[in-house]
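I have placed the structure first, in the form of structure tokens, so that the comments after it can refer back to it.
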Amino acid sequence: MTVNIKPPVRREAMRIAGKLVSTDDMLEVRNPYDNTVVGLIPAARPEHVRDAFAKAKAFKPKLTRYERQQILQKTAELLRDRKDEFARLITAEAGLCWKDSLYEASRAYDVWSFAAQLTIKDDGEMFACDISPNGKARKIFTTRQPLLGVISAITPFNHPLNMVSHKLAPAIATNNRLVLKPTELTPLTALALADVLYEAGLPPEMLSVVTGNPSTMGDAMITDPDADLVTFTGSVRVGKHIANTAGYKRIVLELGGNDPLIVMEDADLDKAAELAVTGATKNSGQRCTAVKRILVVESVADAFSKLVVEKARKLKCGDPMDPETDVGTVINERSAQLFEARVEDAVRHGARVLHGAPRQGALFHPTVVDHVPYDCELVHEETFGPVIPIVRCPNDIAAVIAISNSTAYGLSSGICTNRMDYASRFVAELEVGTVNIWEVPGYRIEMSPFGGIKDSGLGYKEGVVEAMKSFTNVKTWSQPWTA
Ligand code: NAD
């Protein structure tokens, strides 16, 4: 049964230090499934961005740990109480299916409530100095302080609520001020989240949300003189542009991936096939840590690919508004066309399509492709959709590791083996930020360190604990009293 869970068209304003600010020029936000307009957002000019940073910089946050904990926990609870409302917005603007959107809303609760719990933890360290002949009777302490300037946060479309939450919650937990630029593709959820924060008691000067076309106002977010740190989640292309443009500023870049799921000959193939299909298709395959390549050793590849097809056939792909749907649309038709072209290219290079259905607009059905050459574009680049590509590898762990490491990315990985010697080698030798044994690459809790190396990022981690560290300055101080 399809239920109407689409909100009416929302005519939005930016939130600049809590004030609603609009522009004559508005951008449309479209539902990827039926292409209807679901929202209109202001197209900010660089001066709007400047104004937001200046207002943030002029405000000095004075919230105690207790007050921050209360705001963060209240936000978590409001999100939990309104999860249907948020899921409706996510499905409307991103085309993600209702099941995925509900899951996203429940993950956001975790982000905010973990941040609330971590806020009241003491953050300092202590060093006694009388520990060597060079020491003396003193003590050194550290304390973490908010940045002197403002955080510039830029977020992608694929998790409209969760990616934004991963920037905002740790920033507020550490008493920072932010200017957020959500993607122009899914900005409505971020604007609704800002309202929840104001309602929960956040001083409005601590958070502004600006919207618009990145070609007009993107650089203003990166180069503003009051921005101390740019935290960005998105594509490698834009991440490298930020790295080249930001100048003398801290940057935290969480970029793309093409994560492998590795299946060795001893693996329980049914369990491995389940991880492969779920990992490649959840969130319409649009997770930075989605399974984007399945590296399976040749000796079990026939049996494994049969199981993958059986499981992929059970997925219902279609109207994202239908609560029974497992896979909604990808973000837009242009992306779906790109995936289609990449599958065709793989076929030209010897791959075989074992399951799929014709594309309908932005609806790209889960597509199982076997015998994919490890170096063709479908798996060598990041294919951000529900393709399930099987790459057959020699029966040799060294060759599997070499193939896995052969791309520019290094985000995460999933491993299907029970052999400890294999597991140890994968942990030691895969060039990635995470290795999950018997789990999808995307498995994590919202607090654990998360992030990639190589083109996937500069090695700084996200996750609430690590983000709270990167959003603070460590001050070291010492005193002569030692008791
Ligand atoms: P994108 O890079 O196209 O856009 C991301 C953000 O950057 C958007 O807000 C966009 O408006 C903005 N932007 C674009 N050009 C800009 C410019 N010149 N200056 C300033 N900002 C600019 O990415 P996307 O398509 O929205 O998201 C998908 C990508 O994000 C995928 O590559 C995915 O793997 C990655 N991602 C990574 C992680 C991670 O944690 N590593 C998590 C989620 C998504």
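Cβ coordinates are placed from backbone N, Cα and C, and glycine is handled just like the others.
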### Message
Starting from the NAD(+) binding annotation in TrEMBL that includes Thr155, Pro156, Phe157, Lys181, Pro182, Thr183, Glu184, Glu382, which of Ser101, Ser106, Ser235, Ser424 is the extra site residue?
### Response
Ser235
### Task
Average the per-residue pLDDT over the domain 'Aldehyde dehydrogenase' (25-476) and send me the rounded value.
97
### Message
Return the residues near Glu254 (active site, proton donor/acceptor) by Cβ distance under 8 Å, restricted to its own chain and a separation of at least 6 in sequence.
### Response
Phe232, Thr233, Gly234, Cys288, Gly451, Gly452, Ser456, Gly457, Glu462
### Message
I want to check the contact list for Glu184 (NAD(+) binding site): same chain, sequence separation of six or more, C-beta distance under 8 angstroms. What comes out?
### Response
Leu27, Val29, Ile41, Thr211, Gly212, Asn213, Pro214
### Summary
In the three-state DSSP scheme, Glu184 (NAD(+) binding site) belongs to coil
### Message
I'd like to know which of the recorded positions Thr155, Phe157, Pro182, Cys288, Glu382 has the most other Cβ atoms within 10 Å of its Cβ.
### Response
Cys288
### Query
According to DSSP, does Phe157 (NAD(+) binding site) fall in a helix, a strand, or coil?
coil
